[in-house]
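> Below you'll find the structure I mean.
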Amino acid sequence: MGQLISFFQDIPIFFEEALNVALAVVTLLAIIKGIVNVWKSGILQLFVFLVLAGRSCSFKVGHHTNFESFTVKLGGVFHELPSLCRVNNSYSLIRLSHNSNQALSVEYVDVHPVLCSSSPTILDNYTQCIKGSPEFDWILGWTIKGLGHDFLRDPRICCEPKKTTNAEFTFQLNLTDSPETHHYRSKIEVGIRHLFGNYITNDSYSKMSVVMRNTTWEGQCSNSHVNTLRFLVKNAGYLVGRKPLAFFSWSLSDPKGNDMPGGYCLERWMLVAGDLKCFGNTAVAKCNLNHDSEFCDMLRLFDFNKNAIEKLNNQTKTAVNMLTHSINSLISDNLLMRNKLKEILKVPYCNYTRFWYINHTKSGEHSLPRCWLVSNGSYLNESDFRNEWILESDHLIAEMLSKEYQDRQGKTPLTLVDLCFWSAIFFTTSLFLHLVGFPTHRHIQGDPCPLPHRLDRNGACRCGRFQKLGKQVTWKRKH
């Protein structure tokens, strides 16, 4: 302890000597440089690795990057659009909206049509049969068109009008097999499969009619937003190429249709609950560049949903037609039908329900969500596409580094960077020239410098004052 006190007392005297100061500086620099060299050598990292190896089994892609996912809940997106589901092979339901307690039942039965003798003629107008229930007008039109019925060429639809306010109305499509209606029956069967999914058929007991009635929704089956998308696309008049046109622009909104420039926050009303993630303008910009992603299809659907929600609140057929034109631009290359083909061929496909992405927990950056594929009715295991999300992690890191580089380039003037670079080149070149030492003038061997005269190789002055001396000359660098 006494030696330590004596050392502190002698510090002023110690630093009075310049040599001691130099030694202290050199010692400090050597210690710091030694620590840096030891750290860069990797021996400390190797020791930490050997101590912690096998103690952490967390599911992480890399440093500060996590593999995360979320599930789309279409009920939060389409508040006013119908939802479809199948109860059994012959009974399906179309709920008017996700908040409605009314539904339209579609039965594929083997009962012979009995209503056509006394029913009114229906030509795309259902008012006479659904008196007191105008909310079923457009859903009936979409369902009949979705099944593939043509009012001009196909057999007429029969209906039994409502007798009272709370009574049922009934519509029947005649599928009795005959040479004239065989094609019509096949077309309706294809429409049922397309809207409600595959079902088991028994060729020995052929169905004779499709019956549609109004009923109440009591949770008879679970909704499928894939069927809802098929229902919307089936009623679209045409499909256009999926790419932003010259006048195309993104419009961000909340569930009520109000502009929300902050981005798509996927919480509560939209995709996921619990403030999981907000995909803002960055994701929108990526979708404008790479618009072949299933997630971009969903974002485009949300974008069109803004005006659709405002118009559907009026519960008019014009509003529904406006939504039809919006859906036309949703999925151009018909991904739903393509996925249906993949489902039949047992190839993994996207059902627009679950998406995965890479999240950088430290910076908050994330990759554009990609669809979690389905095979044989279940989601793929994470190990089945491990290479894909590891590669996506690398792309995210590369994108972040590129943004940081561009940001730094923007903060540092390029002229200053160029000036610093060329000044360093000039200093290095001048140092090299200084070490080489180029000769500058001639001397007569054994004589002093002849300044201000300059000698030629014969020892004579170039100005003519001195004649040839015949003495040896040599080059010198310094005077």
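Start at 1 and count along the chain as shown; that gives each residue its number.
Positions of Cβ are set from backbone N, Cα and C atoms, glycine also.
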> Cys85 has a disulfide partner in Swiss-Prot; which of Cys159, Cys221, Cys265 is it?
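It is Cys221, per the disulfide annotation in Swiss-Prot.
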> With the disulphide bonds as Swiss-Prot has them, who is the partner of Cys371, out of Cys350, Cys420?
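Here Swiss-Prot pairs Cys371 in a disulfide with Cys350.
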> Are Leu195 and Gln445 on one side of the membrane in Swiss-Prot?
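No - Swiss-Prot names a different topological domain for Leu195 than for Gln445.
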> Determine, using Cα-Cα distances only, which of these recorded positions is closest to Asn351 (N-linked glycosylation site): Cys85, Asn88, Asn359, Cys371, Asn381.
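In terms of Cα distance, Asn351 (N-linked glycosylation site) lies closest to Cys371.
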> Where the distance is taken from Cα to Cα, which of the recorded positions Asn174, Asn214, Cys221, Cys350, Asn381 turns out closest to Asn359 (N-linked glycosylation site)?
Asn381
> Please give the average pLDDT for the topological domain 'Extracellular' (54-58) in this predicted model.
45
> Can you tell me how many other Cβ atoms are located within 10 Å of the Cβ belonging to Cys371 (disulfide bond)?
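A 10 Å sphere around the Cβ of Cys371 (disulfide bond) contains 21 other Cβ atoms.
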> State the Cα to Cα distance, in Å, between Asn214 (N-linked glycosylation site) and Cys85 (disulfide bond), rounded to an integer.
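Approximately 15 Å lies between the Cα of Asn214 (N-linked glycosylation site) and that of Cys85 (disulfide bond).
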> In angstrom units, rounded to an integer, how far apart are the Cα atoms of Cys221 (disulfide bond) and Asn88 (N-linked glycosylation site)?
9
> Out of Asn88, Asn174, Cys350, which of these recorded positions is nearest Asn381 (N-linked glycosylation site) by C-alpha distance?
Cys350
> On a C-alpha basis, identify the one among Cys85, Asn88, Asn376 that is nearest to Cys350 (disulfide bond); the candidates are the recorded positions.
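It is Asn376, whose Cα lies nearest.
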